[in-house]
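Below is one structure, written out as structure tokens, with a few remarks after it.
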């Protein structure tokens with residue numbers, strides 16, 4: 001090519017040299033624009049992912065799970081008080097205090113959930129509906145408690161009128177309010193999964209584009225320098241040389257930053273969020289199980305149903321093949337490891353082993369409790385429910401929280417790391433683009449000027 | 001310049017194609033144009049095939065609503081209780097809306113969206129029979145429809161020593177009840193209510209409501225996006241009042257307790 005341009009007459013050659021410089025510079029500029037556009041797009045994509053997963057849906061899972069727990073525990077506490085009868089004065093005071101505390105927690109969680117729901121209409125409607133229902137629940141529960149106080153009875157099932165009132169309250173809670181809170185938690189799991197899947201395909205694509213555009217830009221810059229060196233017999237154009245190095249560095253740093261962000265998102269999702277969500281759901285289901293224990297004592301007519309839902313929930317947490325509660329108890333007590341169900345995959349590590357042990361102890365306490373109730377020793381069954389069973393449940397619940405905390409800190413660390421990497425990228429991007437642009441112009445402009 | 005740009009474009013497109021191919025896995029119902037939905041054909045008011053070959057019932061309307069929300073055309077195919085898992089596994093149906101009770105062992109092969117309705121296990125008897133709760137089934141003959149687990153639950157879970165007599169479907173079961181081959185039919189209350197309404201001879205629903213039965217929408221295992229989309233459709237169905245309307249349309253006359261109609265707690269798609 002050079003040979004050809006040397007042979008052509010001087011005038012056209014003089015026009016074709018700046019023309020050629022312009023073409024090569026134009027292609028270089030195009031590659032640079034593509035490089036920085038891809039980096040910016042990658043940064044924006046990652047920012048959106050970190051925002052949705054780390055700051056919206058992630059915290060919303062915690063808020064809505066907190067709402068479920070507070071609500072579910074309110075209903076369990078009411079059932080506890082109703083089966084205490086005219087004994088357990090101290091426990092009743094404690095239960096009342098606990099009810100108040102849970103109610104305030106529920107209110108806080110509702111506020112938080114509403115705030116985090118942003119412009120998601122369906123979520124807002126759900127929060128609103130829970131708020132409305134909670135008022136109605138408190139009225140019914142209050143009536144049941146009042147009537148119970150006025151009709152003294154020994155520990156065990158309260159009089160029929162009290163049971164009927166409580167049934168209305170608990171139906172409202174279990175069939176209308178709790179499902180909505182639980183589904184909100186799940187919906188946020190959906191949002192995180194969709195966002196993650198979306199980012200997990202887009203970010204590598206953009207990262208590939210960055211590498212490709214970077215390589216092309218470096219190639220173009222080298223081409224430009226070789227051309228200029230030959231045309232103008234200069235070995236070095238310092239500006240273009242630095243620009244080439246800067247483009248190479250930006251490509252490497254940018255692609256690495258996007259790669260780290262991809263990794264951060266993956267870790268936040270797989271090692272953090274998925275477990276946090278599973279454990280939040282497990283805690284919610286577990287809490288309603290311990291409520292089912294009190295309800296089983298309280299409502300004879302529905303005792304079978306409450307025992308069934310207890311078994312159903314147990315099976316969904318840790319699955320063993322069991323057609324009835326007795327078999328389930330026995331198999332959970334024997335079995336060690338290899339469970340299916342919601343908790344199954346979470347039972348790894350030291351904290352996971354603690355959860356498994358605590359769960360086994362809780363189910364063992366339930367075994368004793370059911371035996372007492374089935375033998376008609378109602379007073380003893382109430383005592384078992386209020387002390388050993390509750391204590392075992394408390395220990396189990398705390399072990400779940402400890403395990404969830406572990407995953408939550410993994411989640412938080414990954415999100416923080418992603419955000420700080422992204423912050424670095426945002427700092428670098430305009431600076432690098434500006435400097436490189438300037439260097440290219442500095443390298444090319446004087447050469448073009450020679451033809452003016 | 002143009003050549004260089006088109007080369008860049010071609011390379012970018014290649015990267016896109018390679019990355020796009022990476023997301024494998026089974027095809028989600030979300031990506032299909034038309035859905036094959038399996039419904040029951042033997043349950044009046046729930047999933048029933050009329051003599052002209054068309055289907056009607058609560059489940060059928062739920063299927064129609066969900067398909068509409070997903071923006072899909074659909075065709076209905078009949079499925080019996082025993083085949084619900086099979087049609088999903090071998091791909092004959094994309095979705096099963098057939099009073100399919102969610103259970104942990106079924107979850108090993110099927111993914112459940114929903115539940116879209118919570119019903120209870122109940123007992124249907126002849127008018128003169130005083131059976132009032134599950135314990136009074138002890139020593140009595142109860143019908144079991146192949147593929148349904150309701151009768152087994154009475155014996156195994158509630159430990160009531162009833163004698164289980166197998167039948168092919170609920171029509172045969174009902175005939176057996178009326179000619180005293182069995183004393184009771186026990187399954188989801190909606191199924192019993194539908195059978196009693198169609199029969200019209202005054203069979204009695206005991207309202208014992210002893211087990212909670214969560215009816216889910218069966219999907220091929222692994223179709224998490226599909227499951228999540230169906231759950232959103234179910235939420236909409238309750239929030240826009242369609243669920244209440246459908247339940248009242250089909251079961252107002254049945255004596256079923258419809259006082260609480262609310263979106264059920266979902267099973268979760270993972």
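Cβ atoms here come from the backbone N, Cα and C positions, even for glycine.
No curator has checked TrEMBL annotations; they are predicted automatically.
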According to TrEMBL, which stretch among A:160-184, A:235-259, A:260-284 corresponds to the feature transmembrane segment?
A:235-259
Which listed span TrEMBL calls transmembrane segment, if the choices are A:188-208, A:209-229, A:293-313, A:314-334:
A:209-229
List, by number or range, the same-chain residues at least 6 past the transmembrane segment (A:235-259) whose CB is under 8 A from its CB atoms?
32, 35, 39, 42-43, 46, 203, 206-207, 210-211, 213-215, 217-218, 221-222, 224-225, 228-229, 421-422, 424-425, 428-429, 432, 435-436, 439-440, 442-444
If you count every Cβ pair below 8 Å, which range out of A:61-84, A:209-229, A:425-445 shares the most with the transmembrane segment (A:21-41)?
A:209-229
